[in-house]
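These come from TrEMBL:
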type	residues	note
TRANSMEM	7-23	transmembrane segment
TRANSMEM	29-48	transmembrane segment
TRANSMEM	79-101	transmembrane segment
TRANSMEM	179-197	transmembrane segment
TRANSMEM	225-251	transmembrane segment
TRANSMEM	257-278	transmembrane segment
TRANSMEM	285-305	transmembrane segment
TRANSMEM	325-355	transmembrane segment
Amino acid sequence: MTTSVHFPRVLYLLALLAAYLLLRPNPVTIFMAGSFACLSLPLYRRLVRRACRLRRRFLRHPAGLTRRLLLKMARQMPLFGYTGFLLLVILIPVATLVLLVSPQVAGGLARLRELQEHNFQLPPEWVKHFQSLEEKLSHYPGLESAYNEFFQNIDSTLSDGMGILLNRSFDVLGGTMNALWSLVLFVILTVIFVTYARRIAQVASRLTQIPPAMLRRFVGAIRRALRGIMLGILLVAVAQGVLCGIGFSVAGINQPAFWGLLATVVAPIPFVGTALVWVPLCLSLWFSGNPMAAAGLALWGSLAVAGVDNVLRPLFLRQGINAPFFVLIIAILCGLTSFGAVGLIVGPILLAFALQALEEARMLYEKQA
């Protein structure tokens with residue numbers, strides 16, 4: 001009995017279809033698990049090499065129960081070691097949030113809900129200040145018209161900005177059971193992807209007919225992009241959130257850790273980022289009779305917080321993806337538009353994939369020439 005050369009591909013596609021139907025409700029979790037597995041695969045392979053050295057050492061021991069237990073421990077060490085590392089990566093940030101932020105969540109969310117109930121309109125003290133300023137400008141018709149034209153849109157601008165802030169914060173802080181299930185699935189899929197990485201690469205090479213060496217170069221490009229994203233987007237966002245929290249605490253803002261968390265959430269948004277949080281808080285301090293605190297917080301946000309974003313983000317991203325920074329920003333914006341929040345990662349990864357594909361095509365043309 002002879003079979004077509006395409007029949008194995010059909011079987012692979014059927015297996016992929018079955019996996020797709022099973023995991024279809026969780027595309028973001030699957031993508032994040034695959035991304036983290038790609039990023040942390042070198043760690044797992046180092047654990048495997050370490051376990052192989054231990055097994056060779058244990059084989060020198062006298063035969064018996066002790067040697068069997070040691071060999072079994074060496075075989076399981078990479079799996080348990082990597083799983084422990086993965087759990088620490090998840091539990092340490094969660095524990096930090098629970099200990100530092102959770103006591104302030106109730107007050108912060110109450111303030112956000114109050115703003116939402118009032119349709120994010122300007123606070124009364126702000127309105128009084130603007131009315132008094134408008135009375136002073138009434139003697140100067142030119143300035144008064146420019147003033148009215150500018151502030152006609154301030155309510156809608158703050159409404160849009162605070163709406164983004166509220167939605168992003170509730171997305172992060174809500175849905176406990178869904179978040180718990182997503183974390184469990186993330187851990188399981190990440191461990192599967194890492195432990196079966198060689199077989200997955202083999203199947204991908206057979207299915208796409210991409211040579212293994214070329215496939216490894218694609219994986220390397222994606223891994224470098226993920227490293228740049230982790231440092232340039234996630235780590236910088238955390239650093240900005242911490243700096244914002246410090247500034248809020250010094251300025252006397254209530255629930256500084258909560259507002260710092262929200263600053264971390266919105267920090268990856270290009271161009272505005274943490275300004276969605278600290279600018280309204282500066283205005284609140286100013287109109288509540290604390291001009292020095294407002295000015296200090298504005299300087300802190302403009303110099304320290306924004307400086308971290310302007311210096312470190314381009315540096316880290318360009319280390320992972322060899323492209324001009326404005327191209328990276330376009331990739332992030334397009335990713336956000338097309339895929340939502342996960343587009344912060346999808347956009348740069350697709351850009352890195354496209355650049356590597358162009359490089360592979362160039363190399364093939366040079367070989368054929």
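Here the Cβ of each residue, glycine as well, is placed from N, Cα and C on the backbone.
Within the same chain, the transmembrane segment (179-197) stays apart from the transmembrane segment (257-278): fewer than three Cβ pairs sit under 8 Å, each pair at least 6 residues apart. Only sequence-distant pairs (6 or more apart) were considered; of these, fewer than three Cβ pairs between the transmembrane segment (285-305) and the transmembrane segment (7-23) are under 8 A, so the stretches are not in contact. Beyond the ends of the transmembrane segment (7-23), by six or more residues, the same chain brings 30, 203, 206-207 to within a C-beta distance below 8 angstroms of the stretch. If one looks beyond the transmembrane segment (79-101) by at least 6 residues along the same chain, the residues whose Cβ comes under 8 Å of a Cβ in the stretch are 36, 40, 43-44, 47, 183, 186-187, 190-191, 194-195, 257-258, 260-261.
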